[in-house]
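The block underneath contains the structure these notes are about, expressed in structure tokens.
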């Protein structure tokens, strides 16, 4: 009896002990319970408002949240009110995640009820990782939210909302904003990227052997600007669709050298070395239609305007970035094209006025016209110098300008008479030639003045950037940032405004004082390497120059991005606002 009692006791004890083996099996929530997702549409249909309720102990990966309009290639960028947290993930290492909840917006144009938005996200919890979850939302099925989400905490300071973001927002909320881009174009007409187009237009109108009347001069100038605007618009849309690689491709040395050769040939023709004209058979046909060959002249002006658009295309400004940002996020090509066209038209109007004014006041006949024509030949030679300075080492730029200026002043001196006022101009021209030749003398004799050395080394010696090669190195460097802010400068050798930043802005004592409390990082985008492309895609870079700012959580400070040139005072105030 005792043995039987002991047997059953052991059996039940074993069952009791082992019954708990499966009690510890953890149950995980369904994905929709772990990450309860909902979405609404703003009243003006410019924002898709997304919300996630995240169960305690679960988290969503920041870089796994994405959205796009079905059938459109451009992704929609997410702006969240909550800051992501650093998390040591057993699957992906150190990552940024969201916990508890997410309130965010996807900006775009959501007017078509049949359009669909595809939103993808992925999350995990301890011991379990969910596969990517995708929600396909039909625009017409979304409820309209009575309260439009504004990015309350997205911007570190509302004053920091960058100009390109304000312009893009303006286009989202009112299509009438496009006419404001015409006024912005007027202001861009006198930037270093647009001014080189003036000699080309002037050479076409003023540099002709037979000076045109005002109506014809206006027609030539107008067609030139239309050609420029067309190229600028098409290239802008291509950049918005393809991205910075297209912009970089236009700056390939082969393209720059080819355009430079073209301008040199045109300049030599203005010196009378040869005449560029159509084949006789085609020219005779045109003469039959119009003895004055107006169609040929007008067609040439339009073609030269298109070439001028190539010269201006790589230059990024806040208005251009705003228009490109709108096109990339909304997919609205019509509004984007109209915006870019009006921006280019505004850039061209001052060029037209300057040319027409010069056409009216300069002499219209006599031997003086040959001198005028040859003078504009020299002016046209400035374009190859401008283009080649983008691809040659920086030291060559002053040498090329010095060579062109020296030859011009010597030539100009030889054109002057030896009597009276002409003799005085001759002496002054020779003196100026002696001054401008100095960079060539220093190069030939390998000498360098103390002042020149100080100027050349000022920005290089006093501003030290840590060079970043890829996204992994960027993340590591940001994680070790001892300062409250990090600045990432995206730079390219062909970018004119980037060089202006280096020489005029970064070298300013006020700016350098602000730099003392900022981690300075720089990426050279000249070669468009795979690492460069990864950075461009990650930060949705539209053009150069672009400067990004990051907080202590390694997040880009929303609204702080700088595109286009800023002078020292404006940039210093921008940095102060960041702090």
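Quick reminder: no glycine exception, Cβ is built from N, Cα and C everywhere.
The structure displayed is predicted, hence computed values, not measured ones.
The feature transmembrane segment, as given by Swiss-Prot for the ranges 145-165, 208-228, 376-396, sits at 376-396. Swiss-Prot lists transmembrane segment for one of the ranges 107-127, 275-295, 296-316, namely 296-316. Confidence over the domain 'Thioredoxin' (449-579), given as mean pLDDT on the 0 to 100 scale, stands at 82. Secondary structure by DSSP for the domain 'Thioredoxin' (449-579): 60 helix, 25 strand, 46 coil. Cβ neighbour counts within 10 Å, taken over all protein chains shown, single out 495 as the most crowded of the disulfide-bonded residues 124, 129, 495, 498. Between the alpha carbons (Cα) of residue 498 (disulfide bond) and residue 124 (disulfide bond) lies a span of roughly 42 Å.
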